Amino acid sequence: MKLASIQAAEKKLLLQTYERNPYLFVGGQGVYLHDEEGHDFLDLLSGIGVSALGYGHPAIEAAIQDQSKRLLHTSNLFYHEGTANLALRLTEISGLDRVFFCNSGTEAWEAALKLARSHARLLREKGRKIGTTFLAMEHSFHGRTMGSVATTHKEKYREPFAPVMPGVEFVRFNDIADLRAKFSQDICGICIEPLQGEGGIHPVSQEFFAAARELCDSTGALLLADEIQSGLGRTGKWFAYQHYGILPDITTLAKPIAGGIPMGAMLCTDEAALGFTPGQHGTTFGGGPLACAVAIAVLDTMQRENMLKHIHDIGEFFKSKLQTLATHHDCIVDVRGMGLMLGIELNSAELAKQVAAKMMERRIIINRTSETVLRFLPPYILERKHVEIAINALDEILKDLAATYAGTASAGEKSHG
Ligand SMILES: *Cc1c(COP(=O)(O)O)cnc(C)c1O
């Protein structure tokens with residue numbers, strides 16, 4: 001079988017960085033992926049929030065085909081047609097002024113960290129008192145490069161690579177007293193995911209986000225909002241920070257931006273942008289013609305089809321169904337999230353693992369994050385019928401597992417009796 005031979009070859013040839021699920025996908029259409037045997041899988045994860053328009057979307061295919069016949073790469077030594085065009089759209093939807101393009105989430109976050117450090121340096125040169133330390137949040141995730149892991153909370157991701165970038169302190173998420181206690185003129189930036197993804201689908205509180213904004217304003221430190229997972233419509237608004245009416249100085253984008261073609265972007269205010277002068281930051285591939293053309297096609301499609309409203313509506317429907325499910329299953333202890341970035345927390349990590357595996361057996365793709373949380377990041381084109389399929393499957397699986405656990409428990413009682 002093809003899968004088995006690929007598994008064997010990867011085991012021998014690749015660095016062992018991933019624990020892949022034993023499935024081999026060869027194609028996809030809409031919200032379904034197809035495996036080598038022709039089975040359809042309902043994808044409620046979209047490649048971790050990337051394939052936002054699903055698979056085989058005609059607008060994306062057309063953009064790739066058209067651009068492939070013209071130009072794939074120019075380098076940043078020259079102009080091409082896509083960069084300013086895409087930047088204009090991103091600034092219009094974000095409320096920020098300027099864009100730096102790169103190729104991945106972690107690279108966008110690195111740009112944000114470097115910009116905040118450099119911006120603070122400029123302020124110091126003008127005589128302001130401001131230091132070089134970042135405040136980052138507990139349970140945060142910002143990526144795998146040295147700066148990004150330094151601001152990522154989980155020790156497992158940081159410790160093996162010590163020393164990572166120095167100058168980071170962690171604050172208890174949504175604990176305003178802790179934030180105020182750790183904030184000072186040493187701080188050059190506060191790092192927040194408005195809706196934490198890997199950390200288990202936890203939204204920032206209005207009060208905490210507002211306090212962070214106010215503290216930054218008091219010293220000239222920058223507020224950095226990582227929207228790599230939550231941005232570009234995922235939560236029903238273009239940016240999760242727009243649910244709060246709070247504008248960060250810097251935001252980062254990646255996952256869904258070019259519908260599956262790798263791309264990242266850092267957006268910032270004119271003021272923050274002063275932190276970089278020519279030559280201080282750059283990338284060979286960033287903002288290339290292909291990625292820009294596809295990103296423009298993604299944004300065009302979303303705007304033309306009024307997709308934010310759809311994401312909001314279908315997200316509310318999905319969430320209400322999950323809440324109803326929670327009333328029938330005691331093992332669901334919380335339902336969280338906004339738009340199509342949803343999570344349900346179960347009362348056991350082992351149970352969450354089994355549910356994700358049983359969903360996969362039924363050819364429905366979800367994943368588990370933060371041990372006990374089942375995460376849903378479906379394509380934006382999800383419909384009610386897909387939600388119903390998923391909810392029915394979850395209901396049956398949870399009933400089955402509850403019966404199994406009850407069976408084990410009563411068997412246990414018997415053996416004691
Ligand atoms: C995925 C993610 C990243 C890292 O993006 P990569 O493209 O994997 O480098 C950073 N921050 C958040 C919030 C993410 O979800």
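Just so you know, glycine gets a Cβ as well, placed from its N, Cα and C.
What TrEMBL says about a protein is an automatic prediction, not a curated fact.
Small disclaimer: the values here were computed from a predicted structure and weren't measured.
Per TrEMBL, these features apply:
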type    : residues                                                       : note
BINDING : GLY105, THR106, PHE141, ASP226, GLU227, ILE228, GLN229, THR284 : pyridoxal 5'-phosphate binding site
BINDING : ARG144, THR283                                                 : N(2)-acetyl-L-ornithine binding site
MOD_RES : LYS255                                                         : N6-(pyridoxal phosphate)lysine
> Name the residues of the same chain, 6+ apart in sequence, whose Cβ is under 8 Å from the Cβ of THR283 (N(2)-acetyl-L-ornithine binding site)?
Replying inline: ASN76, PHE101, CYS102, ASN103, GLU107
> Could you give the maximum C-alpha to C-alpha distance in Å for the residues GLY105, THR106, PHE141, ASP226, GLU227, ILE228, GLN229, THR284 that bind pyridoxal 5'-phosphate per the record?
Replying inline: 25
> How would DSSP class GLN229 (pyridoxal 5'-phosphate binding site) in three states?
Replying inline: coil
>> I'd like to verify something. Among the binding-site residues GLU227, THR283, THR284, which ones have a C-beta closer than 6 angstroms to some atom of ligand 1?
In response: none
> What residues, ordered by sequence, lie under 8 A Cβ-to-Cβ from ILE228 (pyridoxal 5'-phosphate binding site) and sit at least six positions away in the same chain?
Replying inline: GLY105, ALA108, TRP109, HIS142, GLY143, THR252, LEU253, ALA254, LYS255, GLY264
> Name the residues of the same chain, 6+ apart in sequence, whose Cβ is under 8 Å from the Cβ of PHE141 (pyridoxal 5'-phosphate binding site)?
Replying inline: THR152, HIS153, LYS154, GLU193, GLN196, GLY197, GLU198, GLY199
> Ranking the recorded positions ARG144, LYS255 by other Cβ atoms within 10 Å, which is at the bottom?
Replying inline: ARG144
>> For THR106, GLN229, THR284, listed as binding-site residues, tell me which one has the smallest number of other Cβ atoms within 10 Å.
In response: THR284
>> I need the CA-to-CA distance for GLN229 (pyridoxal 5'-phosphate binding site) versus ARG144 (N(2)-acetyl-L-ornithine binding site), whole Å please.
In response: 15
> In the structure shown, which of the binding-site residues ASP226, GLU227 has the fewest other Cβ atoms within 10 Å?
Replying inline: GLU227
> Closest of the binding-site residues to ARG144 (N(2)-acetyl-L-ornithine binding site), Cα to Cα, picking from THR106, GLU227, THR284?
Replying inline: THR106
> What kind of secondary structure is THR284 (pyridoxal 5'-phosphate binding site) part of, going by DSSP in three states?
Replying inline: coil
> Including all protein chains displayed, how many Cβ atoms other than that of GLY105 (pyridoxal 5'-phosphate binding site) lie within 10 Å of its Cβ?
Replying inline: 30
